[in-house]
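Colleague: Could you have a look at this structure, given as structure tokens, before my questions?
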Amino acid sequence: MPQPDKMAAVNNAMPQPAPEKSLSSDPQPESSKKSARFWLIFVAIALTTFLAALDTSIISTALPTITADLGSESLYVWIIDAYLLASTATIPIFAQAANIYGRRSLTLIAVCIFTLGSGLCGGAHNTAMMVGGRAVQGIGGGGILTMSEIVVCDMVSIRERGMYAGIIGGVWAIAAVVAPVMGGAFAQNISWRWIFYINLPIAGVSLVALGLFLKLARPPSGTVKEQMSRIDWGGSVLLIGSVTSIVLALSWGGSEHPWSGWQTIVPLVIGLLALVAFFAYQGAPWLREPTMPLRLFGNRTSSTLLVISFIHSLLLYWVCYFLPVYFQAVKEASPTRSAVMLFPIACTSAPAGVAAGITITKTGKYRVWHFTGFVLMSIACGLFTLLDAQSSTGRWVGFQILFGVGTGTVFTSTLPPILASLPDSDVATATGAWTFIRNFGSIWGVAIPAAVFNNQVNHAAPKISDSTVKSLLVDGGAYEHATQHFIKSLSPNPELKTQVIQVYLEGLKVVWQVSLAFCLLGFILCFFVRSLTLRDELNTEFGLKEEKPNSKNMSSEEGVVRE
């Protein structure tokens, strides 16, 4: 960020994005050997990212056990949504605060909040304590996701960020897929409380490592009053209110209330209007430091890539939430087995992302990975429409491999060009916007296919001869009953079982067809991304700094001064 004494002038002038220069003969940067301290920090960041990603879905397979133990069957959805809501709403707030209070402070605070929330969840004796703990966890998790990306961006040049983003993305992908397996294993073999307690020692080790080694620059930020005046309070309130209202609507739609009911439509409309008001407020001339400055969307490359990131995240959650419906309702897999059957995505997206990142670092070219990723995801989503009860293991594994490679390459290749199209002073806000939009996309990546699926099931349900079973599946019931137990309970009546499975297949086919449309939209948007030069010099006021033994001078290789 600009120096504080120049902040007002810089913001009033609304700094222009970096020129979108065409990439011609972009030489390979000289290799920069990283210190042991750099790698200790990076490993600690990767560990905390793993924990934050783990807790987005680790309770999915253990939720029945948790709700039965706490007696919270009617409020089970809040155990999931409290984390999602809190993490999404606080991401841009952490990004803005990082410019005011420094990266190190906000990173440590995020890990501490997450650890506190984990302890509260593990020790919960009632639903209120569990939901509250999950909300605290979500605040910390959102902070961890934001700060991990920002800190990495401050430690390496834009040219190198693809490689490190690929590693972080790989960690995220692995955590998201193994989480349901871990959750089920803890709930069945030890105790569901260890789903949360396991975070404490790992977070503790990361906290110590970050506290000892994460020494970053922090420009003077003035008095406490001056710091508080820089916070975008109005924008924060609008954003939190908007996200809360939208998450409520999407959580209720198709489950507790019909999508056409006022209980769903009213909060959704209010949330979307509040989101529009938030962006309008971000352009207010009196606003000193917006939470999400409109200049982030001021050039074709950054604005297009933010939309692409939204679509990519939407598709990732789309597939990871609805392939298990196929595995459990059609293949009759258990929840834990279903989670294992998703491993091909994690096992391919992680190495594909790292490979794409390394290639971007060496060549400076990233557009090819956007096209490659969306082509592979389009092929995969098209092939998913062919899955049926007789599909072999090779089919659903092979289709997932295509999707995994595609999603891994797109994840790694979006943030570096966004940052390349903007000034270095916008690293924190741009990274926060990118992370927020990805999280926001994940919310819609569950809601849209759920609405499509439920609508198609309602159309196909008349084919079911048993009126009782039919009533269980319509109006959102099909997703709830997409379980091994329910399908096996129909085995005494093979004809009825076949009818039910066929209804599920018809619903899923339309889900995959609509996902293909989003894949094609993402592919088309790739043409609007320009080839920019990825800067190979590190120019930041918050960078990492190595101390030389017996010297007050600091090495200029990795940053500025200590925070």
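In case you wondered, yes, glycine gets a Cβ from its N, Cα and C as well.
Annotation source Swiss-Prot lists region 'Disordered' at 1-30. The transmembrane segment annotation in Swiss-Prot covers 75-95, 138-158, 167-187, 194-214, 233-253, 261-281, 305-325, 340-360, 368-388, 401-421, 433-453, 509-529 (among others). According to Swiss-Prot, the feature N-linked glycosylation site maps to N189, N299, N553.
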Colleague: Would you pick out, from the glycosylation sites N189, N299, the residue whose Cβ has the largest number of other Cβ atoms within 10 Å?
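Modeller: Of the glycosylation sites N189, N299, the highest Cβ count within 10 Å belongs to N299.
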Colleague: Given the transmembrane segment (368-388), which of the listed stretches 75-95, 167-187, 233-253, 261-281, 340-360 has the most Cβ pairs that are under 8 Å apart from it?
Modeller: 340-360
Colleague: Please figure out which one of 194-214, 233-253, 401-421 racks up the most CB pairs under 8 Å against the transmembrane segment (261-281).
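Modeller: Counting Cβ pairs under 8 Å, the winner is 233-253.
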Colleague: Do any residues, 6 or more residues outside the transmembrane segment (167-187), come within under 8 Å Cβ-to-Cβ of it, and if so which ones?
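Modeller: Long-range Cβ neighbours of the transmembrane segment (167-187): 42, 45-46, 49-51, 53-62, 65-66, 148-149, 152, 194-195, 198, 320, 335-336, 338-340, 342-343, 345-346, 349-351, 353-354, 357, 404, 407-408, 411-412.
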Colleague: Taking 75-95, 194-214, 401-421, 509-529 as candidates, which has the most Cβ pairs under 8 Å with the transmembrane segment (233-253)?
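Modeller: Stretch with the highest Cβ contact count: 75-95.
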Colleague: Any residues 6+ beyond the ends of the transmembrane segment (433-453) with a Cβ under 8 Å from its own?
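Modeller: Residues 84, 87-88, 91-92, 95, 142, 145-146, 149, 243, 246-247, 250, 253-254, 259, 292, 296, 306, 309-318, 321-322, 325, 414-415, 418, 476, 478-479, 507-508, 510-511, 514-515.
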Colleague: Could you state the CA-to-CA distance between N299 (N-linked glycosylation site) and N189 (N-linked glycosylation site) to the nearest Å?
Modeller: 53
Colleague: Can you tell me which parts of the same chain pack against the transmembrane segment (401-421), counting only residues 6+ beyond its ends and a CB-CB cutoff under 8 A?
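Modeller: The answer is 17-18, 20, 149, 153, 158-159, 161-162, 165-166, 169-170, 173, 299, 301-302, 305-306, 308-309, 312, 315-316, 319, 344-357, 360, 366, 369-370, 372-377, 379-381, 383, 427, 430-431, 434, 522, 529-530, 532-535.
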Colleague: Hey, which bits of the same chain come close to the transmembrane segment (194-214), Cβ under 8 Å, at least six residues off its ends?
Modeller: 37, 40-41, 43-45, 47-48, 50-51, 54-55, 58-59, 62, 103-104, 107-108, 111-112, 114-115, 118-119, 121-122, 133, 151, 182-183, 186-187, 544
Colleague: Can you tell me whether DSSP puts N299 (N-linked glycosylation site) in helix, strand or coil?
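Modeller: In three-state terms, N299 (N-linked glycosylation site) counts as coil.
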